[in-house]
Amino acid sequence: MEKAALIFIGLLLFSTCTQILAQSCNNDSDCTNLKCATKNIKCEQNKCQCLDERYIRAISLNTRSPRCNVQSCIDHCKAIGEVIYVCFTYHCYCRKPPM
């Protein structure tokens with residue numbers, strides 16, 4: 001009985017999360033109906049994502065290069081005392097290291 005209840009709860013949670021994660025978008029305004037704990041919602045890689053500015057900061061990198069330079073992103077994050085979160089197109093995202 002407990003096993004069945006746990007499976008049911010797991011399926012319920014999984015189905016809710018996949019609906020949120022599967023929301024596609026073309027620009028940031030398509031993500032207005034997504035509920036996030038933060039106010040920053042961005043459309044990246046055609047998916048809506050919630051960004052927490054306390055942990056993630058985006059910096060603009062060389063705009064002539066179509067891809068993010070991973071090593072310069074790592075160096076920048078180290079210089080400000082953070083770790084690399086993701087390097088995507090023209091932006092380097094850093095976050096505070098886990099405790």
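Placed from the backbone N, Cα and C atoms, the Cβ positions cover glycine too.
On a predicted model such as this, the values are computed, not experimentally measured, just so you know.
Feature list (source: Swiss-Prot):
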DISULFID  C25-C43  disulfide bond
DISULFID  C31-C48  disulfide bond
DISULFID  C36-C50  disulfide bond
DISULFID  C68-C87  disulfide bond
DISULFID  C73-C92  disulfide bond
DISULFID  C77-C94  disulfide bond
SIGNAL    1-22  signal peptide
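Location within the structure of each feature annotated in Swiss-Prot.
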| residue | record | Cβ within 10 Å |
| --- | --- | --- |
| C25 | disulfide bond | 19 |
| C31 | disulfide bond | 20 |
| C43 | disulfide bond | 18 |
| C48 | disulfide bond | 21 |
| C50 | disulfide bond | 15 |
| C73 | disulfide bond | 21 |
| C77 | disulfide bond | 21 |
| C87 | disulfide bond | 20 |
| C92 | disulfide bond | 23 |
| C94 | disulfide bond | 24 |
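Between C48 (disulfide bond) and C73 (disulfide bond), the C-alpha separation comes to 23 Å.
Taking C73 (disulfide bond) as the reference point, the disulfide-bonded residues whose C-alpha atoms are within 10 Å of its C-alpha, out of C25, C31, C36, C50, C87, C94, are C87, C94. In the set C77, C87, C92, C94, none of the disulfide-bonded residues has a C-alpha within 10 Å of the C-alpha of C43 (disulfide bond).
You'll find the Cα of C50 (disulfide bond) roughly 9 Å from the Cα of C31 (disulfide bond). C31 (disulfide bond) is 22 Å away from C87 (disulfide bond) when you measure Cα to Cα. Other Cβ atoms within 10 Å of the Cβ of C36 (disulfide bond) number 14 in total over all chains. Counting only the Cα atoms, the space from C25 (disulfide bond) to C31 (disulfide bond) is about 7 angstrom. Nearest by CA distance to C77 (disulfide bond), out of the disulfide-bonded residues C31, C36, C92, is C92.
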